[in-house]
Amino acid sequence: MADELDRDQLRREVDQALGHGSAPQHQGPEQFQMAEGSSAKHVIGVISGKGGVGKSLVTGAVATSLRRAGKRVGILDADITGPSIPKMFGMSGVHAMARDEKILPAVSKGGIEVMSTNLVLQSETDPVLWRGPMLMGALKQFFGDTDWGELDYLLVDMPPGTGDVALTVFQSLPVEGVVIVSSPQDLVQMVVGKALNMAAMMEVPVVGLVENMGYLTCPHCGERIEPFGPSRLQETADHFGIMALDQLPIDPAIAASCDEGDFEQKMPQGLVAKTIDQILAHDEADGR
Ligand SMILES: Nc1ncnc2c1ncn2[C@@H]1O[C@H](COP(=O)(O)OP(=O)(O)OP(=O)(O)O)[C@@H](O)[C@H]1O
């Protein structure tokens, strides 16, 4: 018994020494705040069950479409170890500046504000060899120490999968909805279920499902070719009880404009029309 008491006493001392003293055991995750003078009416995440399915492309397309619709738009590139947004928006070699202890986001030609690891690295080919706490610190700074100004939409390009940073985005940023991006193979393999489960567990509503690279149009005869078979977008969306949004083709011109940095200028009109309708409908329903 005496031994038991000693152990309790020891635990209290250890807790106190570690600063856990009398703090409640379950305080919940830290909520990141935007810097003074900055705000976002809507924070929307773009997620995927695995990498390389076109999540950044869809983030960029949604941002470009909202900007073309006259909205004030920012992109927080939370894909911290594999950022691809700056290149797409012609910001290769651009470095974020600081003013009054705040980071100034880079601004695209069309007026989209961007914050990304690539804007703070010496060179965009430098590998990001950061461990968990640094990744979280970067995310917190990108959200909270950046001079975003007053945004209508802050889009968050999430890291692929369901790792630490993705969970932190869900827990610490006021994400009001997520767009899920998938490839035709994901729909077959139900990889999309992983992303959906993460959103459900974090209690974040799903805007809908986008299928990328499901078909291509023959450049000679205009025929629609479906290399992976007929689309399963609607079937999968129905299965999970979410909305089927856009189907994006495999388009070499899109890939080229992402590489050349003029995606914003060259993006075909209506590429993510259903997604935008859905996002704006929510905006109108809010009366904002
Ligand atoms: N519909 C498409 N047509 C042509 N190329 C595409 C299409 N979608 C994506 N790509 C190309 O595929 C590559 C990967 O796309 P993207 O970076 O958007 O994927 P991601 O899911 O964000 O990847 P990661 O998970 O690694 O961040 C890019 O080079 C992009 O230009």
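Any Cβ shown, glycine's included, is placed from N, Cα and C.
Keep in mind that TrEMBL annotations are predicted by a computer and have not been checked by a curator.
Counting only same-chain residues at least 6 apart in sequence, those with a Cβ under 8 Å from the Cβ of Gly54 (ATP binding site) are Ser48, Val181, Ser183, Asn212, Met213, Leu248. Under the heading ATP binding site, TrEMBL lists Gly49, Lys50, Gly51, Gly52, Val53, Gly54, Lys55, Ser56.
Same-chain residues with CB within 8 A of the center of the Gly49, Lys50, Gly51, Gly52, Val53, Gly54, Lys55, Ser56 CB atoms, the ATP site residues themselves not counted, are Ser48, Pro160, Val181, Ser183. Sorted by the number of other CB atoms within 10 A, the binding-site residues Lys50, Lys55 start with Lys50, the lowest.
Neighbours of Ser56 (ATP binding site), defined as other CB atoms within 10 A of its CB across all chains, total 25. Only Gly54, of the binding-site residues Gly49, Lys50, Gly54, place a Cβ under 6 Å from an atom of ligand 1.
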